[in-house]
């Protein structure tokens, strides 16, 4: 168990000025959000505390509740660019807040009440904005910007992701990240890219990624991307790494040994682990998309087994489905109990119940690692939670389709499921980490380390200087500790 953080670190994002709640709110119809860029963190914290002391409601994170958004040293076009990005992530029918210069807030503080909004306060432009987005409003870290599941530049981002995947197959982590980050920027743009000039000044867009986009805009295809897509190496590595239990290193070794097909693997079972044999045996089902209806059925089954094994324990869906995906290739569930320590020993009991029902085709149990809290904090991305890597035997209703096709369906299908158990004190961090996306989490850890000097992983947030852990009761608390605007799961599809 991670030790509890007994006091707020001086100067931390969780300090009183940034997060305390005033005794009363005198103006219930007004909800202010202060935008940190250009204003600065310390000044924002000071103004937040001052406004709250005078009865103003100031939001810690931008949300649909905001009625007044205040910026400093910001042009009207930059403000509108920021607004467009936020509204693209907002729920349908959400009313945009007023975009205001800092002068409105200072006058309101002086008057002791919100002053009427005049034209001189507003950061607006007449007519639709033209030209590319201001680079100032495209943050460098993916965890600083909303990235919806459905965006405007799918063809461009998918091309870069193919190059990223190919780079990963060759062990080139640097090139993989370069292409992934460029693709992530495209996903976050509020409008389609139609000219290369729109990318000028945007972060993570170097010469190579720009050249790929230019070819796609001019010709509809990129020769490099098509060459990679058609190559035997890429196709074989993609095929092998889609097998349950097979990583890049194993796939590369098989390729160098001359293996090219699934039949090649079936002919040499001595090369396979038990996990890989199970993955190969059920490969057809496991390569068929898992639908949202399958996820709902699986969650019901898991919740029943968990509830019988430990009343009061909870099961939370994570992964891509929590980010809004309607289909995927595996399902992740996070299990905890509101009383710390009660979750110990739960997973084996759950697995026994599922096996007794004939619902488990394969599972591999991984015990939690008994590392010291500080050692756990130092781990960059791999967590040490107890878990089971499973292949479920999911019953199918009569007449169900297979992967959306019209052909008859067997009575069951194999589905990849991971069950992960976390103590309740670490649950918010585990939920954040297991929700993804992979790049979003990588960027969140990088931001924590480089910008805040903190260590973040699925176990906690650690201050190496103070040697203390931050407490968090929710994902929102973690974002607040890091001084970031909260992004809901649906906006983490970086």
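Numbers here mean position along the shown chain, with the first residue as 1.
Glycine is treated like the rest: Cβ placed from N, Cα and C.
Close to residue 330 (Mg(2+) binding site) in the fold, though at least 6 residues off in sequence, lie 290, 319, 415, 416, 417, 418, each with a CB less than 8 Å from its CB. Annotated Mg(2+) binding site per Swiss-Prot: 330, 332, 418, in sequence order, evidence recorded as similarity to another entry.
As annotated by Swiss-Prot, domain 'BRCT' applies to 22-122.
The phosphoserine annotation in Swiss-Prot covers 12 and is backed by a large-scale study or a structure entry.
Summarising the annotation, Swiss-Prot assigns region 'Disordered' to 1-24.
Annotated region 'Involved in ssDNA binding' per Swiss-Prot: 323-332, in sequence order. When pLDDT values are averaged over the region 'Involved in ssDNA binding' (323-332), the model yields 97.
DSSP classifies residue 433 (site 'Responsible for the low discrimination between dNTP and rNTP') as helix under the three-state reduction. The site 'Responsible for the low discrimination between dNTP and rNTP' annotation in Swiss-Prot covers 433.
Outside the region 'Involved in ssDNA binding' (323-332), and at least 6 residues removed from its termini, the chain residues within Cβ reach (under 8 Å) are 149, 242, 286-287, 289-292, 294-295, 298, 317, 415-418, 420, 434-437, 489-490, 492-493. Neighbour density around each Cβ, counted as other Cβ atoms within 10 Å, peaks among the binding-site residues 332, 418 at 332. Other residues of the same chain near the Mg(2+) site, with their Cβ within 8 Å of the Cβ centroid of 330, 332, 418, are 318, 319, 331, 333, 416, 417.
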